[in-house]
Amino acid sequence: MLPTLTALLCLGLCLSQRINTEKETLPKPIIWAKPSIMVTNGNSVNIWCQGAQSASEYQLYFEGSFFALERPKPSRSMNKVRFFISQMTSHTAGIYTCFYQSGELWSKSSNPLKLVVTGLYDTPNLWVYPRPEVTLGENVTFFCQLKTATSKFFLLKERGSNHIQNKYGNIQAEFPMGPVTRAHRGTYRCFGSYNDYAWSFPSEPVTLLITGGVENSSLAPTDPTSSLDYWEFDLSTNESGLQKDSAFWDHTTQNLIRIGLACIILITLVWLLTEDWLSKRKDHEEANRLTNWECRRRWRMQHYFEEEQRNAISMMELKATPGAL
């Protein structure tokens, strides 16, 4: 019993230490870019990193390597810092992450921030077939063409989704859509690029107009790649959309783990105590049974000896009486 309780206590201490160790990693910060993550070549951009109020240092990493360090200045917004990139080029376009330090602890990495530089190549041409104004349910195709051969084209809907559609191509790419709904209407631009983060100048805008009667909710795109939900490159830049309090979920998870661990240990202890009580009760009943048997055995032995003694006395009395025999 004692070794089992000792083992359970050690298990609880080890798991508690494991939870405390995991807790010693601070929640991940929030990262975003202003004015946008799409920056014209040569223009400046600000990268913001926001962590805990007690953060003393922030580090910015570019493509997995250390890039810059900033310390928060005494102000009302001590929980965030600004990293300034004076001139955006193809060498500064890519994936950024940030960390912060509070005391002796470091946070987890932020979500990746993808910075895109534009204006590096020729300006592509964009047009839509069969025409810019179509009726509900028609199929349309956007064509993006660049004089200089490239490897990938991107189609972006302005002030619409935070994602863009991409296609591989040499000097031209096609972006089929349809059957179109009112969600497809809007202004589009396209870009050419040699990688995901270095793009050409934007094309001239092309506005897609959707006309017709009441929209049929059963209309669905025939090409799986033409759906407005089909995107491969995330361009989320909204600061408020990135503000997610992961600390709440971290603490909730840790508390649930602790409660679960406590319940497991409590149930195990109750089971062990019940087993111990049943074992002792069984031993006690066995001892009582043996005691009763021993008492009966002794009583029979005593009765036997007393009977033998009476018989011996009777025989002696008979022998002592003259003429008894």
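For all residues, glycine too, the Cβ spot is worked out from N, Cα and C.
The cysteine that Swiss-Prot pairs with Cys49 in a disulfide, picked from Cys10, Cys14, Cys98, is Cys98. Between the C-alpha atoms of Cys144 (disulfide bond) and Cys98 (disulfide bond), the distance comes to 35 Å. Separating the Cα atoms of Cys190 (disulfide bond) and Cys49 (disulfide bond) is a whole-number distance of 30 Å. Cβ neighbour count for Cys98 (disulfide bond): 27 (other Cβ atoms within 10 Å of its Cβ, all protein chains included). Cβ neighbours of Cys49 (disulfide bond) (same chain, under 8 Å, six or more residues apart in sequence): Pro29, Ile30, Ile31, Tyr58, Leu60, Glu70, Lys80, Val81, Phe83, Cys98, Tyr100, Ser110.
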